[in-house]
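A short write-up of the structure that comes next.
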């Protein structure tokens with residue numbers, strides 16, 4: 001399954017799609033503004049979403065029912081489940097990173113330190129630390145239990161648009177409006193490699209399951225795939241008609257799903273770079289798309305305010 005988001009001012013739903021057939025399974029309605037991100041729980045039974053309506057919402061996949069809603073003091077830019085599935089992490093234009101109880105939706109902890117919009121936040125794979133990025137051009141590492149800041153990573157010269165951790169927990173990749181993506185050693189906080197020149201405003205990236213490759217979404221409507229070991233671009237995926245907003249490897253690493261301001265979701269073969277399928281249905285910019293843990297369903301969310309399940 002894949003999740004996607006959209007972007008029409010009058011449509012604020014999430015959509016869930018079937019990967020094999022490309023069929024739309026379900027539309028989740030409730031958000032009242034652009035839906036920024038949605039993610040499956042590890043067991044595939046729940047979806048958490050965030051929106052420009054300042055809210056985080058938890059949904060039951062089977063029924064499409066909204067289980068609870070909690071709010072920030074501004075647009076929510078990122079959201080995800082903790083590795084053990086008991087906590088939800090979010091960040092916002094209110095410059096905070098927050099933790100929420102999965103079952104009640106109550107706020108557990110608030111991390112304050114960034115001096116501008118927080119654009120991304122992720123748990124480490126053991127759940128002990130949290131990494132966040134911001135328009136203040138810093139990446140910060142926090143202790144998940146105490147909420148204390150542990151480390152700062154600096155190097156970008158413009159807003160940081162996103163971060164993602166490798167599956168082995170050793171590396172972090174960031175993208176920025178300084179037209180670079182950078183790979184960092186998570187333990188030392190040192191920059192390992194800087195990808196530049198060929199990139200035009202990279203706005204998102206994702207590690208392969210084996211942490212060997214990273215795909216980067218660019219404003220020039222392409223997805224670039226880089227080999228972390230050789231430090232070179234090995235493939236370019238070209239087909240979207242407008243800037244790409246997100247791209248992600250399937251759990252087995254054989255395919256990539258992407259979404260775009262062109263309102264489409266596309267599935268690509270990693271080996272050949274060939275477009276395998278195009279999913280259409282959203283009525284505005286698709287902001288996020290993601291595979292379910294078993295790789296059989298897609299969830300998408302959009303500025304049309306919908307969350308859609310495709311199957």
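Note: Cβ is positioned from N, Cα and C throughout, glycine not excepted.
As recorded in TrEMBL:
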- 28-69: repeat 'WD' (REPEAT)
- 69-110: repeat 'WD' (REPEAT)
- 111-152: repeat 'WD' (REPEAT)
- 153-194: repeat 'WD' (REPEAT)
- 205-236: repeat 'WD' (REPEAT)
- 237-278: repeat 'WD' (REPEAT)
- 279-311: repeat 'WD' (REPEAT)
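If you look at the repeat 'WD' (153-194), the same-chain residues 6 or more away from its ends with a CB under 8 A from one of its CBs are 116-117, 119-120, 122, 124-126, 131-135, 137-141, 200-207, 209-211, 214, 216, 228, 231. In the predicted structure, the repeat 'WD' (153-194) carries a mean pLDDT of 92. Counting only same-chain residues 6+ beyond the ends of the repeat 'WD' (69-110), those with a CB under 8 A from a CB of the stretch are 30, 33, 36-39, 41-43, 46, 48-52, 54-58, 116-123, 125-127, 130, 132, 134, 142, 144, 147.
Residue counts for the repeat 'WD' (279-311) under DSSP (helix as H, G, I; strand as E, B; rest coil) come to 0 helix, 20 strand, 13 coil.
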